[in-house]
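Positions annotated as GTP binding site by TrEMBL: Asn17, Lys18, Gln19, Asp20.
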Amino acid sequence: MLNEDELRDAVLLVFANKQDLPNAMNAAEITDKLGLHSLRQGHWYIQSTCATSGEGLYEGLDWLSNNIANK
């Protein structure tokens, strides 16, 4: 979907949630599973998070707001 021309300038933030669990995929595994390296626009970021503690949520939203503001 992100390879569509209409989305070529889009930014993508992926929250890698549940990082507090032992079997959670790390950012590299998620990148591979989602095929993010094959995206044409390449403007994406994976933020490791734990929603129950809030860890990583603000960092991800900060990245998103900075990258939207720079567009």
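Cβ coordinates come from backbone N, Cα and C, glycine included.
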Notebook entry, point to check: For the GTP site given as Asn17, Lys18, Gln19, Asp20, which other residues of the same chain have their Cβ within 8 Å of the site's Cβ centre?
Noted result: Ala16, Leu21, Ala24, Ser48, Thr49, Cys50, Ala51
Next item on the list: Using all protein chains in view, find how many other C-beta atoms are within 10 Å of the C-beta of Asp20 (GTP binding site).
Entry: 13
Next item on the list: Count the Cβ atoms, other than its own, that fall within 10 Å of the Cβ of Lys18 (GTP binding site), considering every protein chain shown.
Entry: 14
Next item on the list: Give me the non-local Cβ neighbours of Asn17 (GTP binding site): same chain, 6+ apart in sequence, Cβ-Cβ under 8 Å, ordered along the sequence.
Entry: Thr49, Cys50, Ala51
